[in-house]
Amino acid sequence: MGKPIREGAGPRHVAVIMDGNGRWAQARGRPRLFGHHAGAKRVREIVQACPDVGVKYLTIFAFSTENWKRTQSEVAGLMSLFRRYITKEARALKAENVQVRFIGDRVRLDHKLVRLMDELEQMTVDCTGVNLTIAINYGGRDEVARATRRLAEDVAAGKLDPASVDEETLPRYLDTCVLPDPDLVIRTSGEARISNFLLWQSAYAEYEFVDTLWPDFGAEEFSRLVSAYGTRDRRYGGVRA
Ligand code: IPE
Ligand code: IPE
Ligand code: MG
């Protein structure tokens, strides 16, 4: 049932901003959706590479709260790709012992997609291998705003004392409440920005920005970036002993 995760000095949680599908397609004279389909195919290889390099948590950015600005046909194509992806990959993910979660605001997603997301989460809830978190309609600011709203509701209901609120409190209301913070954030396609991904959680993450377009990104490059993380000196504001 899936490979055992090799524990080591590497990053336990890697988050990936899968960018560059559109440019990859454009370079081939094909529509952007062709690039999204090619990109989706790369995910399995990266998930499968995780146990060998000691990555227990993999979080991937599939659709941001800002991506609704794209044409209606690209958005509809992406939503249909997500539905198809979940339907097609569910059995393989379960067989590989992958526990799947989704983060992001589900309210704006269509009911059929939300049902498939819920089902996949339920189906893999007992899996003990890699934790795959897929961010759909996810925005870091939106997540913090939604978390703050729920926190405020608890205060109003008398369940939470405002004087007790500190930096341990808010994370309990975030979509990622059960996940550790990412150790390493990778972005493909040459853009050196985080585009509203895991804002709170990445306060002390290490970053890798690579030029490779997402549909060309493979296990070998992933493993190389994960290994390079071992050479980073994470000081968290302190000094080396
Ligand atoms: C990333 O690829 C996938 C999504 C944001 C859904 P893009 O679609 O952003 O590709 P580029 O950046 O236009 O090349
Ligand atoms: C970030 O990529 C979102 C995802 C990868 C899902 P974008 O392509 O949307 O980000 P910008 O527009 O370059 O900042
Ligand atoms: Mg992009």
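Positions of Cβ are set from backbone N, Cα and C atoms, glycine also.
Pulled from TrEMBL:
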type     : residues                                        : note
ACT_SITE : D19                                             : active site
ACT_SITE : N67                                             : active site, proton acceptor
BINDING  : D19, E206                                       : Mg(2+) binding site
BINDING  : 20-24, R32, H36, 64-66, W68, R70, R187, 193-195 : substrate binding site
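Features per TrEMBL, on structure.
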| residue | record | Cβ contacts under 8 Å, 6 or more apart |
| --- | --- | --- |
| D19 | active site | R187, T188, S189, E191, S195, L213, W214 |
| G20 | substrate binding site | G35, G39, T188, S189, G190, T212, L213, W214, P215 |
| W24 | substrate binding site | G35, A38, G39, L213, W214, P215, D216 |
| H36 | substrate binding site | N21, G22, A25, G77, L78, L81 |
| T65 | substrate binding site | G104, D105, N137, Y138, G139, R141, D142, N196 |
| N67 | active site, proton acceptor | V75, L78 |
| W68 | substrate binding site | V75, R108 |
| I194 | substrate binding site | I17, G140, V185, R187, S202 |
| E206 | Mg(2+) binding site | P11, D183, L184, V185, Y229, R232, R234 |
Cβ neighbour count (10 Å, all chains) around R187 (substrate binding site) is 23
Checking the recorded positions D19, G20, G22, I194 against ligand 1, those whose Cβ falls under 6 Å of one of its atoms come out as D19, G20, G22
Checking the binding-site residues W24, H36, W68, R187, I194, E206 against ligand 3, those whose Cβ falls under 6 Å of one of its atoms come out as none
Hits among D19, G22, W24, T65, N67, R187, i.e. recorded positions with CB under 6 Å from ligand 2, come out as D19, N67
DSSP says E206 (Mg(2+) binding site), in three-state terms, is strand
Around the Cβ of G22 (substrate binding site), other Cβ atoms within 10 Å, all chains included, total 20
According to DSSP, D19 (active site) sits in coil
